[in-house]
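Q: The structure's right below; bear with me while I get my questions together.
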Amino acid sequence: MASQGQRVSWGDESTKRRGRSNSRGRKNNDIPLSFFNPVTLKQGSKFWDLCPRDFVPLKIGNKDQQIGYWNRQIRYRMVKGQRKDLPERWFFYYLGTGPHADAKFKQKLDGVVWVAKEGAMTKPTTLGTRGTNNESKALKFDVKVPSEFQLEVNQSRDNSRSRSQSRSQSRTRAQSRGRQQSNNKKDDSVEQAVLAALKKLGVDTEKQQQRARSKSKERSNSKTRDTTPKNENKHTWKRTAGKGDVTKFYGARSSSANFGDSDLVANGNSAKHYPQLAECVPSVSSILFGSHWTAKEDGDQIEVTFTHKYHLPKDDPKTGQFLQQINAYARPSEVAKEQRLRKARSKSAERVEQEVVPDALTENYTDVFDDTQVEIIDEVTN
């Protein structure tokens with residue numbers, strides 16, 4: 001095999017399944033960690049007979065590195081001194097990594113099954129193995145997984161950790177309650193002793209408490225601080241929208257002031273989505289240093305114009321809310337639509353009433369009809 005590696009081609013591969021050699025693999029306690037969760041094999045099945053030859057997990061490495069091997073983990077449990085075998089686990093490692101990092105592709109090793117994607121390079125990868133502090137990844141494949149294979153998940157470790165944390169938290173809460181009850185008893189006795197000492201000194205604690213409550217009540221009854229923006233003596237471009245209608249500061253919506261629907265204009269910064277909309281507006285420094293500015297005389301004033309372009313993320317929900325406010329004044333509101341619909345329905349009902357044939361000209365037919373037969377009489381006599 002060339003030192004630079006060759007492309008994998010399964011075209012000349014025999015259809016006969018790969019078997020095991022008699023050489024022994026390394027013991028489990030020496031095995032580096034795989035990037036992926038293991039495959040558990042049903043008892044009685046043989047992994048090397050069932051494993052597709054391109055059974056390489058997705059998501060790691062480039063197309064040249066989709067090559068490696070599945071390494072067997074033999075498992076058992078001791079029950080009353082007797083060994084009870086458990087289903088085998090198989091872990092995937094990339095070529096040049098793991099317990100058989102020095103092995104060549106297709107080298108016969110006990111408990112090893114080689115796999116590769118068509119066109120992968122038969123030279124060692126540099127992908128390494130998983131660190132001890134990292135979680136293993138879920139297995140995903142672009143080929144059919146044999147029904148005898150069970151792709152394991154990390155539930156057992158998470159559940160074990162959760163149960164351990166729950167037990168620890170329960171013990172902590174119980175200890176905390178015990179300490180708190182003990183501390184409360186001590187605090188009560190200390191408080192009583194202090195009150196008795198103050199009373200002997202002539203200090204009336206009840207009157208002091210009443211005065212404190214009275215001051216607190218006075219503060220609560222005092223007027224709340226007015227947070228309404230002071231806009232009277234400010235230029236239009238320095239005014240701040242408060243709660244309520246903003247047209248008195250910025251005028252009605254038009255082609256030159258085209259932002260805001262009826263709710264936003266009527267309620268100002270108390271509108272439902274105002275905080276989200278404000279997050280989509282550039283900062284002062286962004287406008288100052290990231291805009292194109294022009295100025296010209298306009299009578300006794302200077303007219304200043306700036307153009308600012310920026311981008312909002314398309315998949316952000318706030319962006320959708322922001323875009324709905326642009327030119328909203330030119331679109332009919334939902335309230336106006338509903339009013340027009342009600343008005344149209346009312347007019348339609350009036351027309352129907354006007355078109356009803358007078359009772360004197362209709363045939364008085366009182367037969368009872370079933371659900372499938374209806375006779376309509378629409379004959380008017382002169």
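The backbone N, Cα and C atoms fix where each Cβ goes, and this holds for glycine too.
Sharing the record's features from Swiss-Prot:
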type: REGION; residues: 1-29; note: region 'Disordered'
type: MOD_RES; residues: SER9; note: phosphoserine
type: DOMAIN; residues: 31-153; note: domain 'CoV N NTD'
type: REGION; residues: 33-159; note: region 'RNA-binding'
type: REGION; residues: 151-240; note: region 'Disordered'
type: MOD_RES; residues: SER156; note: phosphoserine
type: COMPBIAS; residues: 162-182; note: compositional bias 'Low complexity'
type: COMPBIAS; residues: 201-235; note: compositional bias 'Basic and acidic residues'
type: DOMAIN; residues: 224-337; note: domain 'CoV N CTD'
type: REGION; residues: 231-334; note: region 'Dimerization'
type: MOD_RES; residues: SER254; note: phosphoserine
type: MOD_RES; residues: SER256; note: phosphoserine
Q: Fill in the CA-CA distance, SER9 (phosphoserine) to SER256 (phosphoserine), as an integer in Å.
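A: Computed Cα spacing between SER9 (phosphoserine) and SER256 (phosphoserine) is 67 Å.
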Q: Limited to the domain 'CoV N NTD' (31-153), I'd like the whole-number average of pLDDT.
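A: So the average pLDDT across the domain 'CoV N NTD' (31-153) works out to 92.
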Q: By DSSP, how many residues in the region 'Dimerization' (231-334) are helix, how many strand, and how many coil?
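A: Secondary-structure composition of the region 'Dimerization' (231-334): 38 helix, 18 strand, 48 coil.
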Q: Fewest neighbouring Cβ atoms within 10 Å: which of the modified residues SER9, SER254, SER256?
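A: Among the modified residues SER9, SER254, SER256, the sparsest Cβ neighbourhood within 10 Å belongs to SER256.
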